[in-house]
Amino acid sequence: MTTTLTNLLDLDPAQLIAYCGELGEKPFRAKQLQRWIHQFGASDFDAMTDLAKSLRDKLKTRAMIAAPAVISDHTSSDGTRKWLIDVGQGNAVETVFIPEENRGTLCISTQAGCAVNCRFCSTGKQGFNRNLSVGEIIGQLWMAEFELRRTKGIEPGPKGERQITNVVMMGMGEPLLNYEPTVTALKLMLDDNAYGLSRRRVTLSTSGVVPMIDKLSQDCAVALAVSLHASNDALRDGLVPLNKKYPLQELMAACKRYLEFAPRDFVTFEYCMLDGVNDSDQHARELLTLVRDVPCKFNLIPFNPFPESGLTRSNNPRIKAFAQVLMDGGLVTTIRKTRGDDIDAACGQLAGEVQDRTRVQDRMKKMAEYQEKFGKNFGRIVEIPS
(Lines of atoms letter the chains of each structure in order from A and count residues from 1; the text may use other names and numbers.)
(Lines give C-alpha, C1' and ligand atoms only; values in the text may rest on other atoms or scores of the structure.)
Protein backbone atom coordinates (compact mmCIF):
# COMPACT_ATOMS: atom_id res chain seq x y z
CA MET A 1 0.00 0.00 0.00
CA THR A 2 1.32 3.43 -0.94
CA THR A 3 0.40 6.33 1.32
CA THR A 4 1.37 9.95 0.91
CA LEU A 5 2.58 11.38 4.20
CA THR A 6 1.65 14.98 4.98
CA ASN A 7 4.76 17.15 5.10
CA LEU A 8 4.15 19.41 8.09
CA LEU A 9 6.53 21.99 6.63
CA ASP A 10 3.82 22.63 4.03
CA LEU A 11 1.29 23.85 6.63
CA ASP A 12 0.85 27.39 7.92
CA PRO A 13 -0.41 27.94 11.51
CA ALA A 14 -4.11 27.77 10.61
CA GLN A 15 -3.61 24.70 8.44
CA LEU A 16 -1.67 22.94 11.20
CA ILE A 17 -4.51 23.59 13.66
CA ALA A 18 -6.96 22.12 11.15
CA TYR A 19 -4.69 19.12 10.60
CA CYS A 20 -4.46 18.44 14.33
CA GLY A 21 -8.24 18.75 14.51
CA GLU A 22 -8.53 15.97 11.93
CA LEU A 23 -6.43 13.84 14.28
CA GLY A 24 -8.81 14.60 17.14
CA GLU A 25 -6.40 17.01 18.84
CA LYS A 26 -7.01 20.46 20.34
CA PRO A 27 -5.51 23.65 18.83
CA PHE A 28 -2.83 24.02 21.50
CA ARG A 29 -1.24 20.80 20.23
CA ALA A 30 -0.67 22.49 16.88
CA LYS A 31 1.22 25.31 18.58
CA GLN A 32 3.37 22.82 20.46
CA LEU A 33 4.06 20.94 17.26
CA GLN A 34 4.87 24.12 15.39
CA ARG A 35 7.39 25.18 18.04
CA TRP A 36 9.11 21.81 17.88
CA ILE A 37 9.39 22.03 14.10
CA HIS A 38 10.33 25.65 13.54
CA GLN A 39 12.00 26.70 16.81
CA PHE A 40 13.82 23.49 17.74
CA GLY A 41 14.39 22.13 14.24
CA ALA A 42 12.95 18.75 15.21
CA SER A 43 12.23 16.21 12.50
CA ASP A 44 11.75 13.19 14.80
CA PHE A 45 8.34 12.99 16.43
CA ASP A 46 9.74 10.90 19.30
CA ALA A 47 11.86 13.91 20.31
CA MET A 48 8.73 15.98 20.95
CA THR A 49 8.49 14.96 24.58
CA ASP A 50 5.63 17.24 25.64
CA LEU A 51 3.30 15.71 23.04
CA ALA A 52 1.16 12.79 24.13
CA LYS A 53 2.56 9.45 22.98
CA SER A 54 -0.74 8.70 21.25
CA LEU A 55 -0.33 11.85 19.13
CA ARG A 56 3.29 11.04 18.35
CA ASP A 57 2.25 7.58 17.21
CA LYS A 58 -0.41 9.07 14.92
CA LEU A 59 2.08 11.51 13.44
CA LYS A 60 4.66 8.80 12.75
CA THR A 61 2.22 6.97 10.48
CA ARG A 62 0.60 9.98 8.81
CA ALA A 63 3.09 12.85 8.69
CA MET A 64 6.71 13.80 8.14
CA ILE A 65 8.94 16.84 8.56
CA ALA A 66 10.91 16.88 5.34
CA ALA A 67 13.04 19.72 4.03
CA PRO A 68 14.69 19.30 0.62
CA ALA A 69 18.04 17.52 0.63
CA VAL A 70 21.26 19.54 0.57
CA ILE A 71 23.43 18.54 -2.37
CA SER A 72 26.40 20.77 -1.64
CA ASP A 73 27.49 23.39 0.87
CA HIS A 74 30.06 26.08 0.06
CA THR A 75 31.46 28.94 2.15
CA SER A 76 33.00 31.99 0.50
CA SER A 77 36.15 33.75 1.65
CA ASP A 78 33.91 36.60 2.85
CA GLY A 79 31.77 34.27 4.99
CA THR A 80 28.88 33.99 2.55
CA ARG A 81 27.48 30.46 2.56
CA LYS A 82 25.64 28.82 -0.33
CA TRP A 83 23.68 25.60 -0.30
CA LEU A 84 22.65 23.78 -3.47
CA ILE A 85 19.32 22.12 -2.72
CA ASP A 86 17.67 19.23 -4.52
CA VAL A 87 14.03 19.87 -5.41
CA GLY A 88 13.55 16.73 -7.44
CA GLN A 89 13.51 15.54 -11.05
CA GLY A 90 16.99 16.84 -11.76
CA ASN A 91 16.25 20.34 -10.49
CA ALA A 92 18.13 22.31 -7.90
CA VAL A 93 17.83 25.74 -6.32
CA GLU A 94 20.24 27.76 -4.28
CA THR A 95 19.97 29.33 -0.85
CA VAL A 96 22.51 31.93 0.26
CA PHE A 97 23.35 33.17 3.77
CA ILE A 98 25.04 36.57 4.05
CA PRO A 99 26.57 37.31 7.46
CA GLU A 100 27.01 40.89 8.59
CA GLU A 101 27.69 42.54 11.92
CA ASN A 102 24.61 42.15 14.15
CA ARG A 103 22.54 40.52 11.41
CA GLY A 104 22.35 37.51 9.16
CA THR A 105 20.38 37.59 5.92
CA LEU A 106 19.10 34.52 4.11
CA CYS A 107 18.30 34.77 0.40
CA ILE A 108 15.81 32.08 -0.59
CA SER A 109 14.38 30.77 -3.85
CA THR A 110 10.71 30.30 -4.75
CA GLN A 111 10.91 28.59 -8.16
CA ALA A 112 13.18 26.13 -9.95
CA GLY A 113 14.36 28.39 -12.74
CA CYS A 114 12.47 31.53 -13.72
CA ALA A 115 10.03 32.42 -16.48
CA VAL A 116 10.59 36.20 -16.36
CA ASN A 117 13.92 35.89 -18.22
CA CYS A 118 15.49 39.24 -17.37
CA ARG A 119 18.34 39.89 -19.76
CA PHE A 120 20.94 40.45 -17.02
CA CYS A 121 20.03 37.46 -14.82
CA SER A 122 21.71 34.09 -15.34
CA THR A 123 18.87 32.22 -13.60
CA GLY A 124 16.40 33.18 -16.32
CA LYS A 125 18.68 31.76 -19.00
CA GLN A 126 18.20 28.31 -17.48
CA GLY A 127 14.48 28.30 -18.30
CA PHE A 128 11.57 27.60 -15.95
CA ASN A 129 10.79 24.16 -14.59
CA ARG A 130 8.31 24.42 -11.73
CA ASN A 131 7.10 26.25 -8.64
CA LEU A 132 8.44 25.23 -5.24
CA SER A 133 6.08 23.92 -2.58
CA VAL A 134 5.65 25.59 0.81
CA GLY A 135 7.90 22.98 2.38
CA GLU A 136 10.58 23.59 -0.23
CA ILE A 137 10.47 27.34 0.42
CA ILE A 138 10.24 27.40 4.23
CA GLY A 139 12.49 24.34 4.30
CA GLN A 140 15.36 26.54 3.11
CA LEU A 141 14.98 28.71 6.22
CA TRP A 142 14.47 25.65 8.44
CA MET A 143 17.59 23.97 7.08
CA ALA A 144 19.78 27.07 7.13
CA GLU A 145 18.89 28.27 10.64
CA PHE A 146 19.60 24.96 12.31
CA GLU A 147 22.62 24.10 10.17
CA LEU A 148 24.17 27.46 11.09
CA ARG A 149 23.45 26.77 14.75
CA ARG A 150 25.00 23.31 14.54
CA THR A 151 28.09 24.76 12.88
CA LYS A 152 28.55 27.22 15.76
CA GLY A 153 27.50 24.84 18.53
CA ILE A 154 24.42 26.91 19.39
CA GLU A 155 21.51 25.06 20.96
CA PRO A 156 18.17 24.89 19.12
CA GLY A 157 15.10 26.53 20.59
CA PRO A 158 14.16 30.13 21.41
CA LYS A 159 16.94 30.43 24.01
CA GLY A 160 19.61 29.83 21.39
CA GLU A 161 21.02 32.82 19.51
CA ARG A 162 19.13 33.31 16.27
CA GLN A 163 21.40 33.13 13.24
CA ILE A 164 18.98 34.40 10.59
CA THR A 165 17.54 37.81 11.44
CA ASN A 166 16.42 38.83 7.95
CA VAL A 167 14.96 36.96 4.98
CA VAL A 168 14.89 38.20 1.40
CA MET A 169 12.97 36.43 -1.35
CA MET A 170 15.53 37.36 -3.97
CA GLY A 171 16.82 33.94 -5.01
CA MET A 172 15.75 31.91 -8.03
CA GLY A 173 12.28 32.63 -9.39
CA GLU A 174 9.57 35.30 -9.28
CA PRO A 175 7.79 34.92 -5.91
CA LEU A 176 4.53 36.48 -7.07
CA LEU A 177 4.21 33.92 -9.87
CA ASN A 178 4.19 31.23 -7.16
CA TYR A 179 1.79 33.14 -4.99
CA GLU A 180 0.01 30.78 -2.57
CA PRO A 181 3.08 28.79 -1.46
CA THR A 182 5.05 32.02 -1.12
CA VAL A 183 2.43 33.66 1.11
CA THR A 184 2.06 30.53 3.25
CA ALA A 185 5.84 30.51 3.76
CA LEU A 186 5.75 34.22 4.65
CA LYS A 187 3.09 33.60 7.30
CA LEU A 188 5.27 30.94 8.89
CA MET A 189 8.25 33.29 8.96
CA LEU A 190 6.18 35.88 10.83
CA ASP A 191 4.38 33.59 13.27
CA ASP A 192 5.55 33.83 16.90
CA ASN A 193 5.33 30.06 17.33
CA ALA A 194 7.59 29.56 14.32
CA TYR A 195 10.34 32.05 13.40
CA GLY A 196 8.79 35.23 14.79
CA LEU A 197 10.41 37.57 12.27
CA SER A 198 9.18 41.15 12.02
CA ARG A 199 7.44 42.12 8.78
CA ARG A 200 10.13 44.78 8.44
CA ARG A 201 12.79 42.07 8.36
CA VAL A 202 11.22 40.03 5.58
CA THR A 203 11.54 41.41 2.04
CA LEU A 204 9.87 40.12 -1.10
CA SER A 205 11.47 41.13 -4.38
CA THR A 206 9.36 41.18 -7.53
CA SER A 207 9.90 42.06 -11.16
CA GLY A 208 6.55 43.82 -11.10
CA VAL A 209 3.54 41.49 -11.24
CA VAL A 210 1.09 44.32 -10.59
CA PRO A 211 -2.12 42.41 -9.68
CA MET A 212 -0.24 40.22 -7.23
CA ILE A 213 1.46 43.21 -5.60
CA ASP A 214 -2.04 44.46 -4.78
CA LYS A 215 -3.07 41.04 -3.50
CA LEU A 216 0.03 40.72 -1.33
CA SER A 217 -0.76 44.04 0.33
CA GLN A 218 -3.99 42.51 1.62
CA ASP A 219 -2.78 38.99 2.39
CA CYS A 220 0.66 39.42 3.95
CA ALA A 221 2.30 42.81 3.48
CA VAL A 222 6.03 42.54 4.09
CA ALA A 223 8.79 44.89 2.96
CA LEU A 224 8.70 45.29 -0.83
CA ALA A 225 11.60 45.47 -3.27
CA VAL A 226 11.06 45.97 -6.99
CA SER A 227 13.54 44.93 -9.67
CA LEU A 228 13.39 48.14 -11.69
CA HIS A 229 16.62 48.31 -13.73
CA ALA A 230 15.40 50.89 -16.25
CA SER A 231 14.17 54.46 -16.32
CA ASN A 232 11.71 54.21 -19.23
CA ASP A 233 9.44 51.63 -20.82
CA ALA A 234 11.42 51.22 -24.03
CA LEU A 235 14.55 50.29 -22.10
CA ARG A 236 12.77 48.12 -19.54
CA ASP A 237 10.89 46.18 -22.23
CA GLY A 238 14.26 44.88 -23.39
CA LEU A 239 15.70 44.19 -19.94
CA VAL A 240 12.63 42.93 -18.07
CA PRO A 241 10.14 41.43 -20.57
CA LEU A 242 7.36 41.48 -17.95
CA ASN A 243 7.28 45.25 -18.43
CA LYS A 244 5.41 44.76 -21.71
CA LYS A 245 2.46 43.49 -19.67
CA TYR A 246 2.81 45.80 -16.67
CA PRO A 247 4.50 49.04 -17.81
CA LEU A 248 6.19 51.47 -15.49
CA GLN A 249 3.28 53.79 -14.72
CA GLU A 250 1.14 50.83 -13.66
CA LEU A 251 4.01 49.54 -11.55
CA MET A 252 4.57 52.89 -9.85
CA ALA A 253 0.86 53.15 -9.04
CA ALA A 254 0.91 49.64 -7.54
CA CYS A 255 3.89 50.58 -5.37
CA LYS A 256 2.05 53.62 -4.02
CA ARG A 257 -0.99 51.49 -3.19
CA TYR A 258 1.18 48.89 -1.47
CA LEU A 259 2.75 51.44 0.85
CA GLU A 260 -0.64 52.05 2.47
CA PHE A 261 -0.29 48.59 4.05
CA ALA A 262 3.48 48.00 4.12
CA PRO A 263 5.57 47.70 7.30
CA ARG A 264 8.08 50.17 5.88
CA ASP A 265 7.24 53.60 4.52
CA PHE A 266 9.24 53.13 1.35
CA VAL A 267 9.79 50.74 -1.55
CA THR A 268 13.30 49.61 -2.40
CA PHE A 269 14.06 49.84 -6.11
CA GLU A 270 16.83 47.50 -7.26
CA TYR A 271 18.83 48.70 -10.23
CA CYS A 272 21.47 46.54 -11.94
CA MET A 273 24.21 48.74 -13.36
CA LEU A 274 24.93 47.82 -16.98
CA ASP A 275 27.72 49.55 -18.84
CA GLY A 276 26.41 51.74 -21.66
CA VAL A 277 22.87 50.41 -21.28
CA ASN A 278 21.14 52.02 -18.30
CA ASP A 279 23.89 53.86 -16.42
CA SER A 280 24.05 57.39 -17.86
CA ASP A 281 23.31 60.57 -15.92
CA GLN A 282 20.27 61.01 -18.17
CA HIS A 283 18.92 57.66 -17.03
CA ALA A 284 19.38 58.77 -13.43
CA ARG A 285 17.50 62.01 -14.10
CA GLU A 286 14.68 60.03 -15.74
CA LEU A 287 14.46 57.91 -12.59
CA LEU A 288 14.02 61.01 -10.45
CA THR A 289 11.00 61.93 -12.55
CA LEU A 290 9.64 58.38 -12.65
CA VAL A 291 9.59 57.82 -8.87
CA ARG A 292 8.82 61.35 -7.70
CA ASP A 293 5.47 60.29 -6.21
CA VAL A 294 6.69 57.01 -4.68
CA PRO A 295 8.53 57.09 -1.34
CA CYS A 296 11.55 54.94 -2.09
CA LYS A 297 15.22 54.25 -1.87
CA PHE A 298 17.55 52.86 -4.53
CA ASN A 299 19.92 49.94 -4.28
CA LEU A 300 22.41 49.99 -7.15
CA ILE A 301 23.71 46.51 -7.98
CA PRO A 302 27.00 45.97 -9.84
CA PHE A 303 26.25 43.49 -12.62
CA ASN A 304 27.71 39.99 -12.27
CA PRO A 305 28.75 39.03 -15.83
CA PHE A 306 27.96 35.67 -17.39
CA PRO A 307 28.78 34.59 -20.97
CA GLU A 308 25.27 34.47 -22.44
CA SER A 309 24.31 38.01 -21.44
CA GLY A 310 26.45 40.09 -23.78
CA LEU A 311 26.52 42.71 -21.01
CA THR A 312 29.28 44.20 -18.88
CA ARG A 313 29.37 45.82 -15.45
CA SER A 314 29.47 49.60 -15.13
CA ASN A 315 32.78 50.70 -13.68
CA ASN A 316 32.94 52.01 -10.12
CA PRO A 317 33.33 55.73 -11.01
CA ARG A 318 30.25 55.51 -13.25
CA ILE A 319 28.21 53.78 -10.54
CA LYS A 320 29.23 56.42 -8.00
CA ALA A 321 28.40 59.25 -10.41
CA PHE A 322 24.99 57.69 -11.10
CA ALA A 323 24.35 57.38 -7.38
CA GLN A 324 25.32 61.01 -6.86
CA VAL A 325 22.69 62.21 -9.34
CA LEU A 326 20.04 60.27 -7.44
CA MET A 327 21.25 61.53 -4.06
CA ASP A 328 21.39 65.12 -5.31
CA GLY A 329 17.76 64.61 -6.30
CA GLY A 330 16.88 63.67 -2.72
CA LEU A 331 16.83 59.87 -2.97
CA VAL A 332 18.49 57.60 -0.44
CA THR A 333 20.84 55.50 -2.55
CA THR A 334 23.13 52.61 -1.67
CA ILE A 335 25.58 50.61 -3.76
CA ARG A 336 25.37 46.91 -3.01
CA LYS A 337 28.60 45.28 -1.97
CA THR A 338 29.06 42.11 -4.00
CA ARG A 339 29.29 38.99 -1.84
CA GLY A 340 30.12 35.36 -2.56
CA ASP A 341 31.56 35.90 -6.03
CA ASP A 342 34.08 33.07 -5.55
CA ILE A 343 31.25 30.54 -5.02
CA ASP A 344 28.87 32.00 -7.65
CA ALA A 345 26.52 33.20 -4.89
CA ALA A 346 26.37 36.84 -5.92
CA CYS A 347 23.15 38.44 -7.10
CA GLY A 348 22.14 37.13 -10.53
CA GLN A 349 24.41 34.09 -10.40
CA LEU A 350 21.91 31.67 -8.86
CA ALA A 351 21.74 29.43 -11.89
CA GLY A 352 22.42 26.16 -10.07
CA GLU A 353 24.80 23.37 -10.99
CA VAL A 354 22.08 21.12 -12.43
CA GLN A 355 19.35 23.53 -13.58
CA ASP A 356 20.18 23.91 -17.28
CA ARG A 357 17.04 22.73 -19.08
CA THR A 358 18.89 22.63 -22.41
CA ARG A 359 20.86 19.59 -21.18
CA VAL A 360 18.19 17.45 -19.56
CA GLN A 361 20.00 14.12 -19.85
CA ASP A 362 23.23 15.52 -18.47
CA ARG A 363 21.31 17.12 -15.63
CA MET A 364 19.50 13.93 -14.68
CA LYS A 365 22.78 11.99 -14.76
CA LYS A 366 24.41 14.57 -12.52
CA MET A 367 21.50 14.44 -10.08
CA ALA A 368 21.70 10.64 -9.99
CA GLU A 369 25.36 10.98 -8.99
CA TYR A 370 24.40 13.38 -6.22
CA GLN A 371 21.66 11.04 -4.99
CA GLU A 372 24.09 8.13 -4.84
CA LYS A 373 26.54 10.22 -2.85
CA PHE A 374 24.20 12.12 -0.53
CA GLY A 375 21.21 9.79 -0.21
CA LYS A 376 17.64 9.67 -1.38
CA ASN A 377 15.75 12.96 -1.61
CA PHE A 378 13.29 13.90 1.07
CA GLY A 379 9.67 14.91 0.49
CA ARG A 380 8.67 12.06 -1.80
CA ILE A 381 5.87 9.49 -1.60
CA VAL A 382 6.80 7.03 1.12
CA GLU A 383 6.04 3.31 1.05
CA ILE A 384 4.26 2.17 4.21
CA PRO A 385 3.64 -1.53 4.76
CA SER A 386 -0.06 -2.33 4.85
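Cβ atoms are placed via backbone N, Cα and C, with glycine included.
Feature list (source: Swiss-Prot):
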- GLU94: active site, proton acceptor (ACT_SITE)
- CYS347: active site, S-methylcysteine intermediate (ACT_SITE)
- GLY173, GLU174, SER205, SER227, LEU228, HIS229, ASN304: S-adenosyl-L-methionine binding site (BINDING)
- CYS107-CYS347: disulfide bond (DISULFID)
- 100-341: domain 'Radical SAM core' (DOMAIN)
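The Cβ of GLY173 (S-adenosyl-L-methionine binding site) lies under 8 Å from the Cβ of VAL93, SER109, THR110, GLN111, ALA112, GLY113, CYS114, THR123, ASN131, LEU132, each of these being in the same chain and 6 or more residues away along the sequence.
Put simply, the two farthest-apart Cα atoms among GLY173, GLU174, SER205, SER227, LEU228, HIS229, ASN304, the recorded binders of S-adenosyl-L-methionine, are 19 Å from each other.
Counting every protein chain shown, 25 other Cβ atoms lie within 10 Å of the Cβ of HIS229 (S-adenosyl-L-methionine binding site). The average pLDDT computed for the domain 'Radical SAM core' (100-341) is 94. Ranking the binding-site residues SER205, SER227 by how many other Cβ atoms lie within 10 angstroms of each Cβ puts SER205 at the bottom. Every protein chain considered, the tally of other Cβ atoms within 10 Å of the Cβ of GLU94 (active site, proton acceptor) stands at 27.
LEU228 (S-adenosyl-L-methionine binding site) counts 29 other C-beta atoms within 10 Å of its own C-beta, drawing on all protein chains shown. For CYS107 (disulfide bond), the recorded positions whose C-alpha atoms fall inside a 10 Å radius of its own C-alpha are GLU94, out of GLU94, SER227, HIS229, ASN304. Rounded to a whole value, the Cα-Cα separation of GLU94 (active site, proton acceptor) and GLU174 (S-adenosyl-L-methionine binding site) is 14 Å.
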